[in-house]
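A quick write-up on the structure given underneath.
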């Protein structure tokens, strides 16, 4: 296996620093990633009630690409999709790694946690001739992990598996593991940068990044989609599309941008090529705790939202929509607008603690 050079690490560090607002901290970023290249940090990745979409999304990482992530930045100890072992052999493998790296490894959980009937609806292996359920395994692994990353909306908030009527009793990871230990990276699926960037932060500062009240890192989920939407000028001029073939703001067609927090408009997807609204589709609010059913039907205007006047302020509208939606859908869908950036952190800064 080829070793990544310091020059290559500095190149990646520079790109990461520019992206995350760390232009004055390139040496620190490089130092953290060089330490990672020595075989740290160990990562155990397990899946519950999920579609594997979050793992697939990570394959689309560009800076660094998936090869660099797997071979140079993290030490992947277990992932079910690439594990040759199954059953008790697989279980023994990741439990052994967890014990060997106790207090040092990162546990990445993909998918919601079925809890009904003692978790019988999600069995991930066996031990001593007995089925092991996902709900009990993540409790055991979570206690031994340095930190837990709930990747994807299903793991972070329950997502699609927890949608009504939720027949398997799915809950988010933070209801099974101490929430102070859990970092939520929601999205259906999440952007690969959100995972890699959060991991880089932990390597730099040896602590989880600052989070909002829903456990999301502010550096990626610090503002609403609406603030940076390329169609915002249509909204400001009260031009609303009533059909997907028309130009205009997509509010009437179900856009959840005014109440959805993420940096999708500026980060873009597919290697910086596109994202939902640029492709002509309304934001579906997939990073929010109420996704998919409690945030409202995908192609219907959010309930209790009045259209603005000709000179309506987008910022004011965001607040109005937030208040109205809170009444109709529950206050848990609305968070404070913040702009936390990595550049404001110091190694000794404890403000990031939840």
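Heads up, the Cβ atoms here are built off N, Cα and C, so glycines get one too.
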According to TrEMBL, 51, 54, 188 bind [4Fe-4S] cluster 1; so which of 154, 229 is the extra one listed there?
154
Among 249, 286, which residue does TrEMBL annotate as binding [4Fe-4S] cluster 2 together with 226, 229, 255?
249
Measure from the Cα of residue 264 ([3Fe-4S] cluster binding site) to the Cα of every one of the binding-site residues 51, 154, 226, then give the nearest.
226
Per DSSP, how many helix, strand and coil residues does the domain 'Cytochrome-c3 hydrogenase C-terminal' (221-299) have?
20 helix, 6 strand, 53 coil
Which residues, same chain and not among 264, 283, 286, have a CB within 8 angstroms of the centroid of the CB atoms at the recorded [3Fe-4S] cluster site?
187, 225, 256, 257, 260, 262, 275, 276, 284, 285, 287
Of 188, 255, 283, the binding-site residues given in the record, which has the fewest other CB atoms within 10 A of its CB?
188
Where does residue 188 ([4Fe-4S] cluster 1 binding site) sit in DSSP terms: helix, strand, or coil?
coil
List every residue in the same chain as residue 51 ([4Fe-4S] cluster 1 binding site), at least 6 positions away in sequence, whose Cβ is under 8 Å from its Cβ.
160
